[in-house]
Every structure is written in structure tokens, then in C-alpha cells.
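Okay, structure first, notes after.
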Amino acid sequence: MPPAMADNLDIWAVDSQIASDGAISVDFLLPTGIYIQLEVPREATISYIKQMLWKQVHNYPMFNLLMDIDSYMFACVNQTAVYEELEDETRRLCDVRPFLPVLKLVTRSCDPAEKLDSKIGVLIGKGLHEFDALKDPEVNEFRRKMRKFSEAKIQSLVGLSWIDWLKHTYPPEHEPSVLENLEDKLYGGKLVVAVHFENSQDVFSFQVSPNLNPIKINELAIQKRLTIRGKEDEASPCDYVLQVSGRVEYVFGDHPLIQFQYIRNCVMNRTLPHFILVECCKIKKMYEQEMIAIEAAINRNSSNLPLPLPPKKTRVISHIWDNNNPFQITLVKGNKLNTEETVKVHVRAGLFHGTELLCKTVVSSEISGKNDHIWNEQLEFDINICDLPRMARLCFAVYAVLDKVKTKKSTKTINPSKYQTIRKAGKVHYPVAWVNTMVFDFKGQLRSGDVILHSWSSFPDELEEMLNPMGTVQTNPYAENATALHITFPENKKQPCYYPPFDKIIEKAAELASGDSANVSSRGGKKFLAVLKEILDRDPLSQLCENEMDLIWTLRQDCRENFPQSLPKLLLSIKWNKLEDVAQLQALLQIWPKLPPREALELLDFNYPDQYVREYAVGCLRQMSDEELSQYLLQLVQVLKYEPFLDCALSRFLLERALDNRRIGQFLFWHLRSEVHTPAVSVQFGVILEAYCRGSVGHMKVLSKQVEALNKLKTLNSLIKLNAVKLSRAKGKEAMHTCLKQSAYREALSDLQSPLNPCVILSELYVEKCKYMDSKMKPLWLVYSSRAFGEDSVGVIFKNGDDLRQDMLTLQMLRLMDLLWKEAGLDLRMLPYGCLATGDRSGLIEVVSTSETIADIQLNSSNVAATAAFNKDALLNWLKEYNSGDDLDRAIEEFTLSCAGYCVASYVLGIGDRHSDNIMVKKTGQLFHIDFGHILGNFKSKFGIKRERVPFILTYDFIHVIQQGKTGNTEKFGRFRQCCEDAYLILRRHGNLFITLFALMLTAGLPELTSVKDIQYLKDSLALGKSEEEALKQFKQKFDEALRESWTTKVNWMAHTVRKDYRS
């Protein structure tokens, strides 16, 4: 591949001949002040380069002043602008990637704490010096607390036994319960497993009860070997641990075998579970090595502990409940408003608690100016300071006011068509910028003094009066070009003013309860309880009217005793601008029953910002198992964005569970790191990542290997894109293979735990099987050899340039649907493959082996592309090609069940763009969908006409397979239809959960999930406002419509197939 000069800054990748081990000119700075320039191989290790330099040093002045070579190491400034000392000299120069090719020879440092900071900065993609430079008291306080928290976690690991360490580092994956429909897939009620001893060719198979504990398998294997080898090989079952063949996964503990996810999957897929008996001494050796690293980390941390804070002076403070003055601020001026001098500008301000407006918004006067707009205007809100809730936020919107006649001429710098406008009194208001800030600081002190707020210019859709209460309370870090608002909070002249502490709130509630009887909630009769139940049964999107909210608040004790799940609606009914109601609610919350975790998730939505409510919600989540927490981790990371302060119950909870379970830790790491580039959350996610790394030093090496591999793949993908136009596909593939064979790439991409699944080892690339795909972003198709029993290879796709977060969300929903169906005793053989965003528009996708797209199956069965889509026998014939007899019957059964699952799922989620290249089938019969670029009913259209007219895909070739190729097989089709109806009703019973999970993702910035209106599709598809009978009738109509209009799908597929055949 020829050199590409598109990005001259990336000297380590782009400006190089990737077909050869190119050299680069590096400047070396010696401690004596001598400067030497050498040509060194890009792929050389730091140790080799040091030896090269030392040979040259002899020829330069003042050599005699230098110490021994081992007394020195190199230092550089890395890609995150951090000064990094290169202590690990086995690393290659092209992997170190200095910002410039300059290496400084320095005396070996003895400060291990600085080295750890440097490693953490490289790993999280953000130098820790950036946090120091902020000089933000909240950031510093949080980092100090989290450092103490993480160090305590490390200390707790030191006392673990090796088996507890194994449980923490390689946690077994369990299923919650035993499924009834597994019985027919066992062999006479027995489970068949294969076991072989490590470093031995002996393989033993057993038929055992699925309810046995793993230790019993150890015992059976040892007994069987004793019968062959005799007593010289006698050993105890406790001397071994079962390891899944070819995976970093261990099966141990007290759970029955059938509850281990690996064994469950083997049974469902009718494959043989295969284990290796590993000696415990090998595990203990791994344990001891990590303990050494942990003890070193403890020493590193303790060597650089921050100095203790000086004792605080006792000072008099006041509480806001003693202040009955109206809340007011001074709007001083605005800078860099980016409007013409003649354009008049307003500022609108509103006080919010969640999405609730606490009082009327206030608007400044209209002024115009060139750059600075000076108001010096006092804005007074219709609420007293004493009634301000703790989580009140002040939201600003800056907008230009233009006459309709002058609009066309005056808006060239505002780009009005991009955002919504408000028309009032013959004028048009165009948004310019928005910004939010908290009324209280992270310590609960009422803000005072001058504040400069650097604003954001990107407006989401459907804002209330252009204010964006759901937006971040962080100001724009790119201050140089951002609109700035200068405001002044009133000074507290006598003493600082705080929100009352918890004990004062409870005292106030007790005082109210014992005093005014009007404040005490009453009890409702049967009639009121029936009305209350009807209100509480509504879905989370339903709006409450004023009378309904009053009724819920009045009957709050009935809610607590009879309808504890009503808590979200009670919280929406309280008047948050009334201190008496807030105090009584906090007291009530202390005795409110714990909600099931799935119901408590709703309380983390933006509508519920109160600190104590969110602490209550997190308390409910503590009941979750690790497997259940993993299921909802995507949403829990997203709702961190709703937290106004760094130190909160949710961030501590996630850190605690991640540090207790390395599998959760890996996914938390990647969910955070994939968005650390986003300005609004860069600091928040960055400091949480730092805390995780400090508390999981043993995991850093694994994560660093993954980061290094992904950086290599990103570089390779960029090179392929740059040269795709110049080279033929064959030449491009050859150049890709040449690159992957280079030692630097081979080492970086080998023997790493898959980011998609830490149990899977990506051992060695099958370079000749690797390729890049034809789509615009040239995804990399990578094939690895597999060490797993009965598995030849493992495939992953690396994408760079596509946002995978919407695919992640859709696949998560498919996984949840699969779980809910199984809980109800219905297994629809869903296949939600792995997908993980790992960076800015980049990530990994799992390749499902032995599968083909419907388009390829149809094309391969026909000589003419135009008729391929209409060949109803193609799919059944393809299944017959790989299956016969009983296997064919099982394949058709797999197809029938999975087709039912995906029909219902694609209808409920509104998955669009369903053509024959994003529906696939495994050779075993499982059907599954891929590529979820359009969801929630956002179907593709052309010239205003929807290309997809059916609610879900159900073509006649699918029905042909379901009916086993027999046209009149109504029994099989009737069973398929019944499966679809049962599956739909099961999902509908959990409709509130789906709405909650999508609502929690509103802040993710997904293109098709930007407002509550987008979630309305779910409410409609699940018919949540109707009875079950009405809902089922609606689904039956949709089913008939899909069947009736399936010819339109075939026409679309024909057009797609013809285009595909033409392109190839």
C-alpha cells in the first residue's frame, strides 16, 4: 500500500509504508544536554532503541559523566499531552506513539505514584493533569473521596482467599432459575459433559444429573481416571477447578450445573459442554501474581497520599428555610452572541426541578450590540428562597428577536432553519444558546457571587420556551468560542446559607405532622381507592391532571400501604416549590417499602432529581444480582448524565459493583470510555474511570491490551479508507494482510480478552481469512483461531465511523425480551449477538458463525438476480442442504420459534430498513436480524412514500419453511401464529419496563430517540392504553396485514438484490 499523507500529524501510522518496517527520525535528548538524531525502526522496542542510542553516545562529548545504561529510561509527551516515563521497555515505539518523535533520557524515577497516574491517563484516554488543571473544588473533593474508596477496595482484596479472588476476577455467569422447557433437550433427564485433565489427552464423558454441583464433576473425573491409571494418580476433587475449554471461564461454587449460563447455552444449542480440570496450584499462582501487583499498588498509593486538610474553623451558617425573600439574580452581560449588531437579543430564565417548572419564567429586556450585550438587569422569580428544592436548576436560553419581514435578511449568522422557533406578536424568536446551572453547589450551599456560564449552541427538539432543563449543568469547556453569560447570585453578607440537613428535614416533617391536621394525609374509601388504582395503573408516559395529582398526594398513606409501586406518580404529584410538602415526602420515603429493582429503575429518570429519592432507588437496585445489573448497565451509565454532582449514590453503587465483579467492571469501563470524548461528560466519566482503575489495578493490564488493539484497528481502518479509491479490492485486501502480519500488529492483536465478552480469548488471527467489507466505512472483518472445544474460529467486526449505540440499545432490548419470554416458559431461540461501542463512532460487533443473509441464500439459488427474491423454495432447500432427518425437523423448529420472536420484537420496537441483507439464518435454522439503524417506527421513505408498508417481515418463503414445504400445513402455521400472540402479550405485561428503559436513554443523543414523543411509538405498539383483549385484537390485525402485504416486501427485496448484484 502506498504512503498516504492525509493526516501528517499521525506519523506513527499514516505517513508510512505499511508493507515494510519503516524507519523514523527520532530526536534524543541526553541528561548532559547533548542532542542526537537517529533513524530508528518504528516497530523497535524501547529496549532496542536504548541500546542503539548507547552505541552512539560513546562518540559524543561528556560520555564519562553518564551513569550505567540501566540507570536511565526514556520519557516522552504522549498523545494525551501527558509526560510519560517509559518504564516498560518491551513496548514498541509505534505503540507508545509519542506526540512528536522526541525521546528524553532521564534518570530512572523512584516515584511509583506518578507512574500509575501516567498509566491511568493513557488507559482512559484523558490525562489526569487535565483534572488537576481545572482547580475545581468539587472535582478535587470527589477524586479524593474516590481515591480513598478505591484504596479501601484494594485493601479488601488482600485478605481474600484464592477461591474468593477467582470469583471476583472471573465471576461465573448464572441463570436465575431452571427452565421447564429444557427437559426435552436433556438425554433422559441427564446432562452429558466431557472432561479432560490439563496436559493430558484423556477425555472422559459422563451422564449426570443437571442439578449436581461442579465439585461432583471433579470427583467423577478423578474416579474415572483412577480406574484407568491406578492409585498413583490419586487426588482430591478440591485440588481442581473446572474451566470451560478454550475460555477464561470457570465453573465452581454451590449452584447446580444447569444454572451456569455456559451449560444452559450448550443444552439449548444441543452441543456438548466441554471442561478442562485445572489444578488449583495454577490458579493460586495467578492469584499470587496479582496479589504482588495489588500490594505494590497499595505502596504506590500510600506513598503519594494528599496532605490532610487543615481543620475547619467553626462558623455560623444559616438555612434557606429561614429566608422568606424572593429568589433573584442579576443578569450582567453576554459575550460572543454571534448576531448582527442590529439584532435584538433576549435572555429567558426558568427554575426547574426535573422537568417541573417551579414558577413562571422571567425574560430580560431586548438589547442589541456587536459583541458584548450589557443588561445589568435584576431578574426576580415568583418563588421564595425558603421554598427552593435542593436540586433546583436555573436554565437560561439566549435568543434573537426579529421582525418577520426582516427575517430572511437578518438571520445569516443564526441558521434559523436548524432549530425550532417561537412566534409571538408578529415577531420570530430564534435560539442562539442555552446553559444550565445549579442553584445550590455540591455542598448544599446556596450559590452567591459572580458566575460566568459558557453556553451550548446545539438545541434538542421540542424545548419548552427554548429552555433545556434536561441539558447538562456543565458549562461548555470550549470557552474561547462559546457564548458567555455573566450572572450574579445575591451575596450572603452575614453567613453562608445552606439547604437544611436531613435531620432538620425530618424534624420539620414531625412538626407538621403533630401541628396542623390539614397537612396529615387522609385515608380514602373504596370509591377513591378504585379511582386511585385506575390512575396508578397507567403507563409512565401518561400525564396526570391537577385533580389527580391532588388525590394521589392526599391519599399518599394509602399509596404506601396498598400501592407501593405508585411512588413515581406520587413524586410527580408533590409540589416541589413548597417546603412543607417536600419535608413530609422525605419522612414518608423513609418508611416506603422497597420496590423490585425493575420498578425502581424509573426513579432514576430525569423527572426525579431529588437526592433522597435517587438514594432510595439505588438502595432498591442493591437487590439486583450481577447478571441482572449487567442487563441494565447501559441505562445506568446513561442516567449518570442526569446527576448534577459527581458524588452521588449511583456513581458509588456502580463503582462498588464494578470493583466486586470484573465482568461488570469491563463493561462499565467501555461504556464510560466510549463517551469520554463528549465535552458535557468528559470530566464526570473521566474521574469515575480514574477511580475504577485505582481500585482495579489488576484489571488495568487486560484493559490496556484491549485499548492498544483497538487503536491498531482504528489505524488500519483509516489506512484502508484512504487507499480504497486507489487500489483494487484484491490489492487492498493483500495490503491489509501485509499490515496484519507485521510484528507490531500481530502482537497487539493476539492473546487478548475480547471486549465483547471477557470470557472469550482472541488468541491468534487467521490473517488470510480477514477482510474489509464493501460498505462506506470499510468495517474490518477479523477471524481468530479458537481454543474452544468444537469451535474452529471466532469472528469480530470492527467499525470506525458508525455510531453503534443504537444497535447496542436494540440488541439489549432483544436480550431483555428473550429473558422475559424465558421467565414465562417460552423460548423463542433469539440470537442477540454482542455489540459494544468503544469510542467516538467506533466499536465491535460479534460475528455469528455458520450463518448467511437471506439475500445471499436467494442469490445463490438463482441465476437471475431479479427473480431470486421470489424463489420461495430457496430457504427451505438451503436448510435441507445442511440438515436431514431429525436434524431438519429441529432446524425448522428453530426457524419457526426464532421467526416468531423477531416478528414480535421488530413490531414492538418499530425496527425499520428490513431488507434481505440484514436478516440472517444459521445453518441450524435460527433466524436473526442485524443492523438496527432505524427503530421506533422510523421507516425509510423515498419521495415522501414509505418503502416499508408492513409492521414486520413475514414473507411466503418464511411460511413455506414453517409449514415444512407443505402448502396445507395449517397446524404448523397455527402454532407459529399462537407463539407470536403469546410472545406479544408477555411483552405487553412488561410494557412499563420498556418505556422506562427507553426514557432513561433520552440523554444518550441517539438520532431516533431525542424526545418523549419518540417513545410514544412503544406505547402504541404495545397498546398500553387498551385492555388485553383489545391489544390482542390489534396485534392480530397487524399480523394479517404483514401477511397480506408481504408481496411489497418481496418487491423491495428484489430491488435490493438487483442493486447488490449490480454493485458486485
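Note: Cβ is positioned from N, Cα and C throughout, glycine not excepted.
The feature domain 'PI3K-ABD' is assigned by Swiss-Prot to 20-109. Swiss-Prot lists 188-279 with the feature domain 'PI3K-RBD', giving sequence analysis as the kind of evidence. Feature annotation from Swiss-Prot assigns phosphoserine to Ser318, Ser1064. Annotated domain 'C2 PI3K-type' per Swiss-Prot: 323-490, in sequence order. The motif 'Nuclear localization signal (NLS)' annotation in Swiss-Prot covers 404-412, and the record cites similarity to another entry as its basis. The domain 'PIK helical' annotation in Swiss-Prot covers 518-695 and rests on sequence analysis. What Swiss-Prot lists as domain 'PI3K/PI4K catalytic' is 766-1047. The region 'G-loop' annotation in Swiss-Prot covers 772-778. Annotation comment: Swiss-Prot describes 910-918 as region 'Catalytic loop'. Taken from Swiss-Prot, the feature region 'Activation loop' covers 929-955, and the record attributes it to sequence analysis.
Stretch with the largest number of CB pairs closer than 8 A to the domain 'C2 PI3K-type' (323-490), among 20-109, 188-279, 518-695, 766-1047: 518-695. The average per-residue pLDDT of the prediction over the motif 'Nuclear localization signal (NLS)' (404-412) is 49, rounded to a whole number.
All chains included, 14 other C-beta atoms sit within 10 angstroms of the C-beta of Ser318 (phosphoserine). Long-range contacts of the region 'G-loop' (772-778) within the same chain, counting only residues at least 6 positions beyond its ends with a Cβ under 8 Å from a Cβ of the stretch, are 717, 720-721, 724, 732-733, 736, 797, 799-802, 1063. Scored by C-beta pairs under 8 angstroms, the domain 'PI3K/PI4K catalytic' (766-1047) has its highest count with 518-695, from the stretches 20-109, 188-279, 518-695. Residue counts for the region 'Catalytic loop' (910-918) under DSSP (helix as H, G, I; strand as E, B; rest coil) come to 0 helix, 0 strand, 9 coil. In the region 'G-loop' (772-778), helix, strand and coil residues by DSSP number 0 helix, 1 strand, 6 coil. For the domain 'PI3K-ABD' (20-109), DSSP puts the residue distribution at 22 helix, 31 strand, 37 coil. Residue counts for the domain 'PI3K-RBD' (188-279) under DSSP, helix first, then strand, then coil, are 33 helix, 29 strand, 30 coil.
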